[in-house]
Amino acid sequence: MDHKEIILLFLLFLKPGQGDSLDGYVSTQGASLHSLTKKQLAAGSIADCLAKCEGETDFICRSFQYHSKEQQCVIMAENSKTSSIIRMRDVILFEKRVYLSECKTGIGKGYRGTMSKTKTGVTCQKWSDTSPHVPKYSPSTHPSEGLEENYCRNPDNDEQGPWCYTTDPDQRYEYCNIPECEEECMYCSGEKYEGKISKTMSGLDCQSWDSQSPHAHGYIPAKFPSKNLKMNYCRNPDGEPRPWCFTTDPNKRWEYCDIPRCTTPPPPPGPTYQCLKGRGENYRGTVSVTASGKTCQRWSEQTPHRHNRTPENFPCKNLEENYCRNPDGETAPWCYTTDSQLRWEYCEIPSCGSSVSPDQSDSSVLPEQTPVVQECYQGNGKSYRGTSSTTNTGKKCQSWVSMTPHSHSKTPANFPDAGLEMNYCRNPDNDQRGPWCFTTDPSVRWEYCNLKRCSETGGGVAESAIVPQVPSAPGTSETDCMYGNGKEYRGKTAVTAAGTPCQEWAAQEPHSHRIFTPQTNPRAGLEKNYCRNPDGDVNGPWCYTMNPRKLYDYCNIPLCASLSSFECGKPQVEPKKCPGRVVGGCVANPHSWPWQISLRTRFSGQHFCGGTLISPEWVLTAAHCLEKSSRPEFYKVILGAHEERILGSDVQQIAVTKLVLEPNDADIALLKLSRPATITDNVIPACLPSPNYVVADRTLCYITGWGETKGTPGAGRLKEAQLPVIENKVCNRAEYLNNRVKSTELCAGHLAGGIDSCQGDSGGPLVCFEKDKYILQGVTSWGLGCARPNKPGVYVRVSRYVNWIEREMRND
């Protein structure tokens, strides 16, 4: 369930004025606690459940979980720090923030963490014990002060903060070393700052992170759930020396914020390594030469290269001497070099030797691996071994070996026969609903995957990531199918997927319920006992069942066939999606990028630019590709080709009848074809983005082309390469493209170099995968050379011109 649906649930189940009360809780969709001390109560809303937790007197309520369909609330003494979490359907877990926090605000009067040692390392005495010290403060004398176990507390408002009685007979009490919460101050470089400062150093108001005005940007809160990009508060999502924000001044894109450093010692760092693990952010070895053998510049020096990656700006990153480090979240340790001609370079650090590759343990660098050519699973999907890694709401799956953001026991070691590779959808616990995965969204523990049973996609086809499978029309009446999650489904199916008859929505037997009735939801189509989806459940239509021991279950409603003759952005041959570092890319699977065209001169037939089919009659390319001639008859377009020179009989060659240049001199142009292209498995348009859509930073996208390959294998055949999008704020740094990239452009590439678009790729597509299709986000435009380190390629941002594109096509 995505964030919008969670918000809708809150609105549905909260009473007026109760929303703010939940600010003190952390919510996790799909998580249930194993609790020993709990109460199970009837509750008609989240607000009811919240009130029961806040008013509990038999024990301290640290969490509650709400089951909407059961109208049930479970309030608990435990939380995820003290108890194990299991995945569960249709439940939201709410945990009180104060009991999850291990930091203090102010003097720590409200601290409720679990620190139980003093500054000098002495174990604390239990507050309820009378030996070795008879306490003045105890649970019985001060019941509201949280005097549990032997945890550090501040029941007397001591100005020096939390303390405890000690187990040392000679030391009655001592203070504890509790770090400050990063709300009024910051540790390190403010990566975990969660305060509410929303003005820059010069006093400018910050722009809200979920706004794209006045500055469009790629730090989209929904794409970076772990970065806490709330409201317009200063944050540090990209490894800067301190928190910053985009400003509301159109003439000032961004600026640092003035956040003071905390005066107490920072929290203890995690484990450090003398070898490479993950991205190497915790590498503390002494390698001091780059991959090409250049000596590293000392981090504290400013010659030959001036920079702000200094020990003062990054006090927690151990920037000692000239050792290779990764202070800012790069893909590997690096350093500035002592060569004035090479600003910086990655280092070669020996791997720690784990059998698990770094990429597998780091969900942030895992590629998107959801097939567009639809895979399916047999039965309940326990045997599914495909490469889908996206949930049914479009969330990215967490790697099975990773414990971030969700800790779990479904690991390859615990389930060796379950095929738990990378972050691919699997079914290790034999879930009857099919393959699932943990998500990379901290607020959504897990979801089912964006897959269908083979019986719903044509049936009987073996599961494979390679074999194309084209969905067939469902064998039911035209109206008895659903679009999306089936919220608008009004068919007459009245049995669950397991074959159990549905209970009528107006009935209260065998199951009594108050929320989902024809009276409470008059627009939800709750007629008779038909399957419906009144709460927008991502798993589709459901019903209360006639089985007294089964409250509800889901129905098996097929998806409706597409209304259009083709679907943009969906190739019929699965792309290779090679993650290699088209200089340095790999040869594409033939016809796996069916919108790619070759722009040629009509008479010589020589390829000189790429382009993208966006409708049967229109191609999008770069304006600079049309400098050879202003006459449309000079050009022709080749569609459905894989080889640049050897054109098969199924390749389409179509003349151009009109050239339309963008009126404000942007490097983008439309070509109208002399006749509509024939849509085949080899020729399919790409999808256009929504107007002004901004691709999130680090999104993995793909470029294709027949351009210059600099001697790498595959020349003459269509090549592909995977590139991460780089936020313009980063791309415009002095060491990269030095403010050359406009807001109407985007850049993408590997800063280490080695892979890029090149001459002959101009005008071609940069497409990004979104849930189930490829969207054309960029037109290959320019770069400083090909595949040079620190010089990513630049692409026209298509979303800024969608209104112009659609207007020209419509008015022609």
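Any Cβ shown, glycine's included, is placed from N, Cα and C.
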Selected from CYS188, CYS206, CYS296: Swiss-Prot disulphide partner of CYS245: CYS206
Partner cysteine of CYS347 (disulphide bond, per Swiss-Prot) from CYS324, CYS376: CYS324
As recorded in Swiss-Prot, which of CYS103, CYS164 forms the disulphide with CYS124: CYS164
Candidates CYS257, CYS262, CYS275, CYS335 - disulfide partner of CYS296 as recorded in Swiss-Prot: CYS335
Among CYS49, CYS176, CYS181, CYS185, cysteine joined to CYS103 by disulfide in Swiss-Prot: CYS181
Integer Å distance between the CA atoms belonging to SER762 (active site, charge relay system) and CYS352 (disulfide bond): 41
Site of maximum Cβ density within 10 Å, from disulfide-bonded residues CYS61, CYS164, CYS625, CYS731, CYS768: CYS164
Residue from HIS624, ASP667, SER762 whose C-alpha is spatially nearest that of CYS454 (disulfide bond), among the active-site residues: SER762
Close recorded positions near CYS53 (disulfide bond), where close means Cα within 10 Å, chosen from CYS124, CYS181, CYS234, CYS376, SER762, CYS768: none
All-chain count of other Cβ atoms within 10 Å of CYS701 (disulfide bond): 23
Three-state secondary structure, which DSSP defines for CYS53 (disulfide bond): helix
Of the disulfide-bonded residues listed as CYS73, CYS124, CYS234, CYS701, the one whose CA lies nearest the CA of CYS625 (disulfide bond): CYS701
Among CYS543, CYS609, ASP667, which are recorded as recorded positions, the nearest neighbour of HIS624 (active site, charge relay system) by Cα: ASP667
